[in-house]
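**Q** Copied straight from TrEMBL:
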COMPBIAS  409-418  compositional bias 'Basic and acidic residues'
DISULFID  Cys56-Cys89  disulfide bond
SIGNAL    1-28  signal peptide
TRANSMEM  102-121  transmembrane segment
TRANSMEM  133-154  transmembrane segment
TRANSMEM  174-200  transmembrane segment
TRANSMEM  212-240  transmembrane segment
TRANSMEM  260-281  transmembrane segment
TRANSMEM  293-313  transmembrane segment
TRANSMEM  333-356  transmembrane segment
Amino acid sequence: MRLRAILGSAVAFLAAAVPLAAAQGSSATPPCAAACLADGISHSTCATNLTTACICNNAPLQAEVSLCVAASCTMKESLVAKNASSTSCGVPVRNRGTHYDTASIVMIVISSAVVALRLGFKLVVTRSLSSDDWVIFGLLFVSIPSVGIIHYGTVPNGVGQDIWTLTPEQITNFLFYFYIMAVLYFTQVALIKICLLLFYLRIFPARPVRRLLWGTVGFSIVFGIFFVFLVIFQCTPISFFWEKWDGEHEGKCLDSNAIAWANAAVSIALDFWMLGIPLAQLKTLNLHWKKKIGVALMFCVGTFVTVVSIVRLRALVLFGKSSNPTWDNFPVSLWSTVEISVGIICTCMPTLRLLLVRLFPVLGGSSYGPSANGYYQSGSGHPAMPSSTAARMRASRNHTTLVSSSGRSKLDPAKDSTDSIDVGGGATPPPPPAAKLSGIVRQQTFAVQYDDDETSLVQMRGLDGNGKSAVP
C-alpha cells in the first residue's frame with residue numbers, strides 16, 4: 001500500500017509534464033522519470049511526507065532523481081521531466097535573450113556609426129581609402145550578418161533560456177546558429193588585428209619595425225584561417241555539431257572547449273605583442289613628454305579589446321561542457337559580441353580624434369615645434385620633415401643665395417652683388433649681408449598640409465630607430 005501511494009504521488013507530481021510534453025514533442029509523461037522519482041521518494045525523508053513542498057525542497061532527493069533520469073531516460077525524455085518538475089515546484093522561467101538582442105543591436109549601431117564617420121572623413125579630407133580602411137569595411141560587412149543571426153536565429157531559438165523549456169527543433173536550430181556565429185567570430189577577431197597592424201605600417205617607417213609588423217600580419221592571417229577552418233571542420237560530419245545533443249546521431253567532434261581556450265589565449269598574447277611594438281617606438285619620437293603620454297594612451301586604447309577578451313575567459317569555463325548550453329553559453333555569446341564591437345570602435349579612434357580636431361581645433365596641436373612664422377623649417381636646430389608619400393608638402397619659400405667674397409656672383413661674373421634665385425614660386429626674402437661670407441647659403445621654409453590623418457597625428461614617418469631620416 002505504501003509503495004502504491006508513493007507511485008501515485010510521483011505520477012501526480014509529474015502530471016504537469018503532460019501539457020509540457022505535448023509542447024516539447026512528446027505525448028505523455030516519461031515513465032522512466034516517474035519510476036526514478038518514486039524510487040527516490042521511497043528511501044528519502046519525503047516517504048512519510050508526500051507533499052510537493054517536501055519533494056521540491058529536498059536537495060538530496062532532487063540530485064538522486066536527476067542522476068537516475070540521466071541514466072534511464074533519453075535526452076528528450078530527460079528534458080521533458082526536468083521541465084515538468086521545475087513547473088511543479090514553481091521554478092521561475094528564465095529568459096535573458098531579449099537583453100542579448102538589444103545589446104547586439106545597440107553595439108552594431110554604434111560600430112556602424114563610427115565606421116561611417118571614419119570612412120566619410122577619409123573620403124572628404126583625403127579623397128582616398130587606405131588598406132586598413134578597406135579591412136574595417138570588410139569587418140563591418142561581416143558583423144552586420146552576425147546581428148541578423150542573433151535577432152532571427154539564436155534569440156528565437158533559446159539563447160539565454162533553460163534548455164528544458166525548449167522544443168527539440170529549437171535546440172537543434174540554436175546549436176546550428178551558434179556554430180555559424182563561432183565561424184564569424186574567429187573571422188572578426190583576425191580582421192581586427194590585421195586592421196590595427198596595417199594602421200601601424202602606415203605610421204612606422206623603420207625597416208626593422210616594418211619587418212616585425214609584416215611578420216605579425218602574416219601570423220594574424222594564418223591564425224585566423226587556421227581557427228576558422230578548425231571550427232568549421234571540428235565535427236565529422238559537420239552537422240554532428242548541432243545534432244549530437246539528442247544522442248540519436250553518430251559522429252565525433254574535437255573538444256570545442258579546448259578550441260575556444262586556445263583561440264582566446266593566442267588572441268590575448270597577440271594583443272599584448274601588438275601593443276608592445278608601437279610603445280617601444282615612443283623613444284624615437286621628437287615629442288614633449290606630455291605628447292608622448294598622449295600618443296601612448298592612443299595606442300593603449302586597443303587594450304580595451306584585450307580587457308574584454310580576458311573578461312570573456314570567465315564565460316568559457318562552462319563552454320562545451322554544459323548540460324544547459326542555451327543558458328550557460330549566454331555570457332560567451334554576449335561578451336563575444338561586445339569584444340568585436342569594441343574592437344571596431346578602437347580601430348577607428350585615431351581618425352575620430354582627427355575629426356574632433358577639425359571640429360574643435362583647440363584639441364589639436366603639432367608634434368614638432370613650429371617656427372616663429374608658423375611654418376616648419378629645415379636646417380640646423382629643427383627636426384627632419386616626415387617623408388610621407390601620403391602628405392602633400394607645399395613650399396611657400398625656397399630660395400638659394402650665392403655669395404662670393406670677391407664681390408662677384410659665381411653664377412654671373414658680371415654682377416658684383418649677391419644673387420637670390422627663387423625656386424619655390426614665392427616671394428624672395430632680402431639676401432643676408434655679403435660681408436665676410438663666402439659660399440652658398442640655402443634657406444628653405446615650408447608650409448605643410450597633410451592628407452594623411454594618422455601621419456599628422458603621430459609624425460614618425462621621418463624617423464628610423466636612431467632618430468635619423470628613414471630611407472624612402
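The backbone N, Cα and C atoms fix where each Cβ goes, and this holds for glycine too.
Curation does not apply to TrEMBL; its annotations are automatic.
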**Q** Within 10 Å of the Cβ of Cys89 (disulfide bond), how many other Cβ atoms are there?
**A** 15
**Q** Would you count the other CB atoms within 10 A of the CB of Cys56 (disulfide bond), including those on all shown protein chains?
**A** 18
**Q** Could you pull out which residues elsewhere in the chain have a CB under 8 Å from any CB of the transmembrane segment (212-240), counting only those six or more residues past its ends?
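**A** Distant contacts of the transmembrane segment (212-240): 179, 182-183, 186-187, 189-191, 193-194, 197-198, 200-201, 204, 249-254, 256, 259, 262-263, 266-267, 270, 273-274, 277.
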**Q** Taking 3+ C-beta pairs under 8 angstroms (sequence gap of 6 or more) as contact, is the transmembrane segment (102-121) in contact with the transmembrane segment (333-356)?
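**A** By the criterion, they touch.
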**Q** Through the lens of DSSP with three states only, how would you label Cys56 (disulfide bond)?
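**A** SS state of Cys56 (disulfide bond) = helix.
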